[in-house]
Amino acid sequence: MGSHENLTHSWLRQNIQPYTHTDTVFHHVDAALTRYPTIRPKTDVYTFDDGRTQLLLCLHGLLPITFRAASYNIPVAVWLTREYPQQPPIAYVVPTSDMLVRPGPDMDVSGRCQVQYLRNWERKPEGCSVVALFEAMQDSFSCLPPVYSRPARAATQPATSPRPTASSTQTDAPPPALPPPFVSPQPIASYVPHYHRPPAAPSPPSVPAPAPPPAPHIPPPDLLDSEDFSAAQAVATPPPSAPAPPRPPNPELLRLHEQVHAKLQSELASLQQAMALDAERLRAHQADLLAGEPAIRDEMARLEAVRDVCRTVAERMRGVVDAGARNVAELRRKGDPEVDELVCSTTIVHNQLINLVAEDNAIEDTIYHLHRALNSGRMDLEKFIRTSRALAEEQFMKRALIEKIQAGLPPGDSDMRWTMPAEWR
């Protein structure tokens, strides 16, 4: 029993995931299955009145009721909407092939059940549950059963439905035959419904008496065989010997049949024309797709070639980037060079030439600034002449040494030669 309950719970947990209030649905359904063993859950597609379809959880099976001291099982199906319990469930009575729905205040001809409990559900949904709905349906069905047996089927089965004798009373007779059990596929495990019948009271002992004239055999009325309780309580009269004439067909019904047939034919013709147009369009699409297949293959080949080229370029660029990263790392490891190391030559003569040119330019700048100082009056003429003469003699010696070094350089060192300014000539 414990493994069966665990299997049922796991099945419920798996199939109520789309619901908004999963915990509430689980507890209410589990309580209903515990309270009513003949009720089983399943999932099926429900079609609403507006044409929408949705996969919902359905509790279906046999709902036991007691009507006039006899026990009956009513086949029901209760659908839980996705917004349960904010929205009320949808309850139906599902009659078998031997049953007919008895329309009433709480029942329509389609089997839709609208008991007072469902009509009051939206006023306080947090206080309602499917267990209380089953109890309300039991109370309503016990007052007025929602189904009754087909009269023709009941008449053809006298052997399987035991009837009391004419001498027995209604209180002493056993209840009439029950309709066949409601059987539907179960998602978890099958069950066998049990019908409960009250024990028949023992018949009083017979007293010998003169045999009265034979009375006609009148079976007691079946409480579920008649649509009207007044007809069920009335004494049944023996059937006439002559058969009743057949009922003539209803002309209005025939006219409606013709109108429906004409409407269906017109709709079928329009549907066939629309389907033919759709088929032509689909064939045109198929031709376009078949014609475009070679172009797609060529484009795929071109894209694959471009992809290979891109991969090659990417590999080459990756190698260049890696080499640049290694060079940057090597330069960072060596550090920044000194200024004197940046301006130097490979030989002593060249280094001497670089120093002589730098000193010559420095003397040239010094003489220029001495002229500016003389013009501004910050230096007298005698001092300017004496300082300029000394600088000029030093500059002359350096320029003579530069020309001598350049004259001794080999012809291949033309890039290291220093060009003499024009004013030296």
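Even glycines carry a Cβ here, placed using N, Cα and C.
TrEMBL lists 157-172 with the feature compositional bias 'Polar residues'.
Under the heading compositional bias 'Pro residues', TrEMBL lists 173-184 (among others).
What TrEMBL records for 199-222 (among others) is compositional bias 'Pro residues'.
According to TrEMBL, the compositional bias 'Pro residues' annotation covers 237-251 (among others).
This prediction places the mean pLDDT of the domain 'UEV' (6-151) at 90. Residues or ranges marked as domain 'UEV' in TrEMBL: 6-151.
For the domain 'SB' (347-415), the DSSP-based tally of helix, strand and coil residues reads 62 helix, 0 strand, 7 coil. Marked as domain 'SB' by TrEMBL: 347-415.
Marked as region 'Disordered' by TrEMBL: 153-225 (among others).
Positions annotated as region 'Disordered' by TrEMBL: 233-252 (among others).
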Exercise. Tally of helix, strand and coil residues over the domain 'UEV' (6-151) according to DSSP?
Worked result: 49 helix, 49 strand, 48 coil
